């Protein structure tokens, strides 16, 4: 519905995000992919004790498995961008699902920790990276008006899968051992291939339909007229061909578009995100040990993370709904700044919590703010660079974040070992998050909003803010208008003949002015319409 059939000679509507329909299936696939990508590296930690016994290694050695997975997820961003721009989202996701699954299956047959690093770490991590980034790109393709809500719902996959994969891993470990658990986990990761299969390209099929419909329009308009106005048609076709010839030479799509660094909004976002990641993940990593040092029992200390995950499940979709409101969405970057500020102040205010009640309150507020940050981070990036450049932007951002991930938590761990004081770490992490929030808000206001006010009224968007999408839509609209000029309703076909005859009449009048009469040898239509123009106009005026 709402889409014309090219077989009937009607031009399809311009390709726009449907904000629903098959997009909900795409959203479900993105939900699953996000859950596996963020929760799987943490859920694998359930098997660490058994791996330590079998391979006779320490905890830090086994912890490198999760670290390598996360490093691959973040660090291979540009590689994913290049592959998506070259081959498309669906093929890349299918390959990624196979790599992720084969990595865990091969890991179940390993005999030393190095082989685990290469299989469960590198291979599975690369596979999840090849799924995560394309799924976000497809989500931005299918949603526009409801994109904040879609991003919030997709981001909720992380806490949902974390709360389910960890207990599942424990059950598999008890019944089948770590090798059987890895094998079954590898089978579960094949669901990534299913999610990749549903990522149907939105624009490719529509563009082919538009080209076919355009050709049929031209053919149908040429056939009924016949030889009555051949010269008029030839002149109009000549102008069409010259226009098409001018539009034909287009630049090939870049594998990795570095021109986004000329976008000030992207630079501001990247710097802010780097500072944010330095301190964002530190509190949840150190929370359990911090609680144990204050005298909280082990089971209750572990339950604190469950509180964060439970609150996070509801915070992300709720924040997505708020970000989608008409009066909020134009200022979504300020909402993102507020979320980061909220998170940083939560860390600072809870640094001196010394009992279990204080830690529970901290987990509630941290879960809310952490969910807000998770729901808004990619929505803000999409709003800054546009859907056409998002594939390159997210790859470069994830690469930069990889350095922050490798710097932040390890540095916090070393400070804990040196100072034996968690309070300083919470103050430091909270200060970093607050700094990123203040920087994003101030830089957005000073560098972007003031720049927009100084721009002439004809320019509505800042440079790099989705200009490629607007150009593509303008090309589609121009092609649609061009074909609609040639297309007339069936009951008004005489008007087409009149238009062609008037053009031929004009040519005849010019030649008659020079040669003094009707020119010879210009065909039946030209002789009749050119010499009896008054009769033609008078007849057709009725």
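Placed from the backbone N, Cα and C atoms, the Cβ positions cover glycine too.
Residues annotated as transmembrane segment in TrEMBL: 21-40 (among others). Counting only same-chain residues 6+ beyond the ends of the transmembrane segment (21-40), those with a CB under 8 A from a CB of the stretch are 69, 73, 93, 100, 124, 128-129, 131-132, 135-136, 138-139, 142-143, 150, 153-162, 165-166, 185, 189, 191-192, 194-196, 198-200.
On the 0 to 100 pLDDT scale, the domain 'Major facilitator superfamily (MFS) profile' (23-448) averages 84 in this prediction. Annotation comment: TrEMBL describes 23-448 as domain 'Major facilitator superfamily (MFS) profile'.
As annotated by TrEMBL, transmembrane segment applies to 63-84 (among others).
Under the heading transmembrane segment, TrEMBL lists 91-110 (among others). Tertiary proximity for the transmembrane segment (91-110) is limited to same-chain residues at least six positions away from its ends with a CB under 8 Å from its CB atoms, namely 33, 36, 80, 83-84, 116, 119-120, 122-131, 134-135, 179-180, 182-183, 185-187, 189-197, 199.
Marked as transmembrane segment by TrEMBL: 116-137 (among others).
Feature annotation from TrEMBL assigns transmembrane segment to 181-202 (among others). Proximity of distant same-chain residues to the transmembrane segment (181-202), defined by a Cβ-Cβ separation under 8 Å and at least 6 residues beyond the stretch ends, is recorded for 15, 17-18, 22, 25-26, 28-30, 32-33, 36, 40, 44, 47, 88-90, 92-94, 96-98, 100-105, 107-108, 120, 124, 127-128, 131, 134-135, 138, 141-142, 169, 172-173.
The annotation transmembrane segment is assigned in TrEMBL to 266-291 (among others).
According to TrEMBL, the feature transmembrane segment maps to 303-325 (among others). Same-chain neighbours of the transmembrane segment (303-325): 145-153, 155-156, 158-160, 162-163, 284, 287-288, 291, 332, 335, 339, 359-360, 363-364, 366-372, 374-376, 379, counting only residues six or more beyond its ends whose CB sits under 8 Å from a CB of the stretch.
The annotation transmembrane segment is assigned in TrEMBL to 332-353 (among others).
Sequence annotations record features per position, and here TrEMBL assigns transmembrane segment to 359-378 (among others).
Sequence annotations record features per position, and here TrEMBL assigns transmembrane segment to 390-412 (among others). Listed by sequence, the residues of this chain that lie at least six past the ends of the transmembrane segment (390-412) yet keep a Cβ under 8 A from its Cβ atoms are 70-71, 73-75, 77-82, 84-85, 133-134, 136-137, 140, 254, 256-258, 260, 266, 269-270, 273-282, 285-286, 378, 381-382, 384, 425, 428-429, 432.
Feature annotation from TrEMBL assigns transmembrane segment to 424-448 (among others).
Here TrEMBL flags 452-542 as region 'Disordered'.
Marked as compositional bias 'Acidic residues' by TrEMBL: 468-478.
If you look up TrEMBL, you'll see 486-498 marked as compositional bias 'Polar residues'.
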Practice item. May I ask whether the transmembrane segment (116-137) has at least three C-beta pairs under 8 Å with the transmembrane segment (266-291), counting pairs 6 or more apart in sequence? Key: no
Beyond a gap of at least 6 residues from its ends, the CB atoms lying under 8 Å from the transmembrane segment (116-137) belong to 29-30, 33-34, 36-37, 40-41, 44, 51, 55, 64-65, 67-74, 76-77, 79-81, 83-84, 89-90, 92-93, 95-104, 106-107, 110, 154, 182, 189, 192, 195-196, 199, 378, 387, 390-391, 394-395, 398
Per the Cβ under 8 Å criterion, with at least 6 residues separating them from its ends, the transmembrane segment (424-448) contacts 264-265, 268-269, 271-273, 275-276, 278-280, 282-283, 286, 333-334, 336-341, 343-348, 350-351, 408, 412, 415-416, 462
Given the transmembrane segment (332-353), its same-chain partners at Cβ distance under 8 Å and 6+ residues beyond its ends are 148, 269, 272, 276, 279-280, 283, 319, 322-323, 359, 361-362, 365-366, 368-370, 372-373, 376-377, 379-380, 383-384, 422-423, 426-427, 429-438, 440-441, 444
